[in-house]
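Structure first, commentary second.
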Amino acid sequence: MTHTTLFTSESVSEGHPDKVADQISDAVLDALIGQDPNCRVACEAVVKSGMVFVAGEITTNAWADVEQITRNTVLQIGYNDPHLGFDGETCAVVTAIGKQSPDIVMGVDGREDQELGAGDQGLMFGYASRETNVFMPAPITYAHRLVRQQALLRKNGRLPWLRPDAKSQVTLRYENGKPVAADCIVLSTQHSPEISQESLREAVIDEIIKPIMPPHWLDKHTRFLVNPTGRFVIGGPVGDCGLTGRKIIVDTYGGMARHGGGCFSGKDPSKVDRSGAYAARYVAKNIVAGGLADRCEIQVSYAIGVAEPTSISVETFGTGKIDEVRIQQLIKEHFDLRPGKIIEELNLLRSIYKATATYGHFGREEPEFTWERTDKAEILREAAGLAAANVTN
């Protein structure tokens, strides 16, 4: 008997207000960590109409022109015209930046790297599955690809009436746990006022949706909802206030896996909200790539100032090829999840973070996304006593 379900995930473009804020936060981090790998950064941004407010706690020997970094980021996204209501050249940039609390410093700094204490308490999740060639859930993967395609066509001038703000939403039909068809695809994009709804709908379906979605998933039952309100001229920070860290499900697994609640952007890797989540993805992906399970969710937790995780747990949703207790043992044998060792193994003290602030932190194939490597898949497979796995990444 076929068991049919639907699952939906969404993504947002680089011009979405919350993503503008994320990119500013990570651009500041990149500027500092490139000069001072041991900097401590917790940088937040708020964007609205003609203003950007950058605040947080930063302790570093480096210097960064936060105002200019902010302006450059806004301009690179595409807010470069006063007629859009938000322009990187003319917007106000206000900063309120202090130093990291000395109470936190004493638990995090001044230790050997391998004993670096976690920058805060918290729990993080990592997930991987065989739904796609990047070991990610299919709905979030294609939602990201749709808004990336929107940005590409906007920037290369093929659809010159596109504007930076956009959202996508993909609902897939699953049969016995596998995606088989697209039930509904939503694409809302900001646009210039002169384009008609009819022309916009046709172009979005033909130029954005169909080139990205697998053709065998699109059938007569697939619903296309393009700018469902009929008009999306006012957008970006004019239409909505943007805030760093408000798109944590977009940043991760699109709701297919659990989330510990901590955001990533603007945080240096001593913050386990970021490095712990990256490490958990690394572990989960290698477990699936190694053939130990078809789906895997890892939870890891930390206490502030303590290097060793307070817990590590594994869930394979009935797809495990070996017992979950054994998988947990293999994790402890082959992965060092102390923050200092995570930072070292994944080479996180680099200016790599602005690229993560759009289109998801996971399932990416760029080389700087070191937590996407599957270099331990074969080691895990052999340790588990399994036949060769099909490792595609």
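Including glycine, each Cβ sits where the backbone N, Cα and C put it.
Worth saying up front: this structure is predicted, and the values here are computed from it rather than measured.
Positions annotated as ATP binding site by Swiss-Prot: His16, Asp165, Ala166, Lys167, Arg231, Phe232, Asp240, Arg246, Lys247, Lys267. When secondary structure is read from DSSP and collapsed to three states, Ala166 (ATP binding site) falls in the strand class.
Positions annotated as Mg(2+) binding site by Swiss-Prot: Asp18. The secondary structure of Asp18 (Mg(2+) binding site), as reduced to three states from DSSP, is helical.
Swiss-Prot lists Glu44 with the feature K(+) binding site, giving sequence analysis as the kind of evidence. If you take the C-beta of Glu44 (K(+) binding site) and look for same-chain residues 6 or more apart in sequence within under 8 angstroms, you find Ala21, Ser25, Val54, Ala55, Gly56, Leu243, Thr244, Gly245, Gly266.
Residues or ranges marked as L-methionine binding site by Swiss-Prot: Glu57, Gln100, Asp240, Lys271. If you draw a 10 Å sphere around the CB of Asp240 (ATP binding site), it holds 15 other CB atoms from the protein chains shown. Reduced to three states, the DSSP call for Asp240 (ATP binding site) is coil.
Among the features that Swiss-Prot reports, region 'Flexible loop' is placed at 100-110, with the record citing sequence analysis.
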Fill in: Cα separation, His16 (ATP binding site) to Lys271 (L-methionine binding site) (Å, whole number)
25
Worksheet, complete the sentence: For Ala166 (ATP binding site), the same-chain residues 6+ apart in sequence with C-beta under 8 angstroms from its C-beta are Val12, Ser13, Gly15, His16, Val147, Gln150, Ala151, Leu187, Ser188, Thr189, Gln190
Worksheet item: Can you count the other CB atoms that lie within 10 A of the CB of Lys271 (L-methionine binding site)?
Response: 23
Worksheet item: Per residue, counting other C-beta atoms within 10 angstroms of the C-beta, which of the binding-site residues Asp18, Glu57 reaches the highest number?
Response: Asp18
Practice prompt. Have a look around Lys247 (ATP binding site) and count the other CB atoms within 10 A of its CB, chains all included.
Written response: 25
